[in-house]
């Protein structure tokens, strides 16, 4: 006789199933399970008296004959493509299969084989996401990487050489020698890393040598002079070598206005950093570019979301980051020109409309490296509270599935696509590197339970190492075995240009991590940004700074209280 479980008992045992809803942290966001790949009555679960035992849910099949290295059981996947309950099989550091795990000798519909060589990780009641991608990193100090991975970030893209004045302000690793040294330093860390060369030059040779040395892209920054000539040259070199260009435009409008910069793009694809403008860019109307089909717009997290504190903290941040002097009136005027409540408020709504495609940090250079994921979901929550259910399909779903998928894409798949690495990372899809985060729903977006890097646990919540069990206080994120020695080399990637691989730069430098080439960056458009491809016509009033999208005024109130904040942190 089959045994019938009530829905609550089932969820407590195997996790939620189709139709169940889950609250994300302490936000007003609720997601609903759309599909369940597991088979009722045939679920696998590890533990004493449970299913994954020899002759039951575990088969005698060797790994060489098809058993996986790691199975995550009964997890709820939240990704841009869906919200589904499934087992996840990981083999050779990659996602092998999303489906039903077990023993094919005694269970039906098994496509993930559990054998004696299979490790088990309980995903019951947990949310599984792709590791985050932060595509706006100032590599000012290596300690950023520890903070980032502890928050759920597994890929970091940007530039810098340490706390040099240039790096403090601009995301560039300038010149072959500096690029070589940073590529060598990348071997020390359990995350995927890629470096952007300096793109500011009106002649190509200085840019070509940086791409050939291993830069995975180029960065144009106003502090180095983002003139129309430099933009044109940089994009021309990028087109030749198939790398992405990121840009921080000319706040002071010295070399031209936003229209001149758009003209210099010549319809070529480009990633615009902090597209609202508080982080830098044509004042007051750089935000217009988010309506251009060739522009891939991102935000940095200090303006995410708009709160009653946002404006006040930005002025001090800006003075420090851009080497400005509060005693010089012109420097103060420069700073004040970038901070506008109207465009920051509009940025919230443009994210909710899918017109802004990505969110990143701007680490230690007007951004917090450990808060990309938190700020993304705080923005989503604020928009739910202020704008209601986001339901463009017009169906009757009461949950926030569409909004959740739109927002998770902003720090996972979309930056991966933008920088030519989506074939490797950026989503929970078969064949990709198993860079994954497991979250307790109550801590979703705030503190991951486990960060898996290339199929191995790299960071995890862990209690007192001298305790008799893993859970006694103090419990906090700590590096695990995947973060050490050769394991970090085997489970992480370094992203470089195809030209660098052809020049055998990785072997010349003795790199231990696998170096892989970015590709497909120059054929992109805004339409390639998953669930974030809207192209509204943006107008900015030059006197009031009011923003309109397709004629509609974009205005919202600042948040006075946010979830995912003091409830979770002592400091």
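Yeah, the Cβs are placed from backbone N, Cα and C, and that goes for glycine too.
Source: prediction; values computed, not measured.
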In Swiss-Prot, the residues 136, 138, 362 are said to bind Ni(2+) 1. Which of 50, 219, 288, 447 is said to bind at that same site? 219
Among 274, 282, which residue does Swiss-Prot annotate as binding Ni(2+) 2 together with 219, 248? 274
Restricted to the domain 'Urease' (131-571), the mean pLDDT of the model is 96
Rounded Cα-Cα span from residue 221 (substrate binding site) to residue 138 (Ni(2+) 1 binding site), Å: 12
Hey, how far is residue 221 (substrate binding site) from residue 136 (Ni(2+) 1 binding site), Cα to Cα, in Å? 12
Given the binding-site residues 136, 219, 362, which lie close to residue 248 (Ni(2+) 2 binding site), meaning Cα to Cα within 10 A? 219
Measuring CA to CA, name the entry from the binding-site residues 136, 219, 274, 362 that ends up nearest residue 322 (active site, proton donor). 362
Nearest-integer angstrom distance between the alpha carbons (Cα) of residue 219 (Ni(2+) 1 binding site) and residue 274 (Ni(2+) 2 binding site): 13
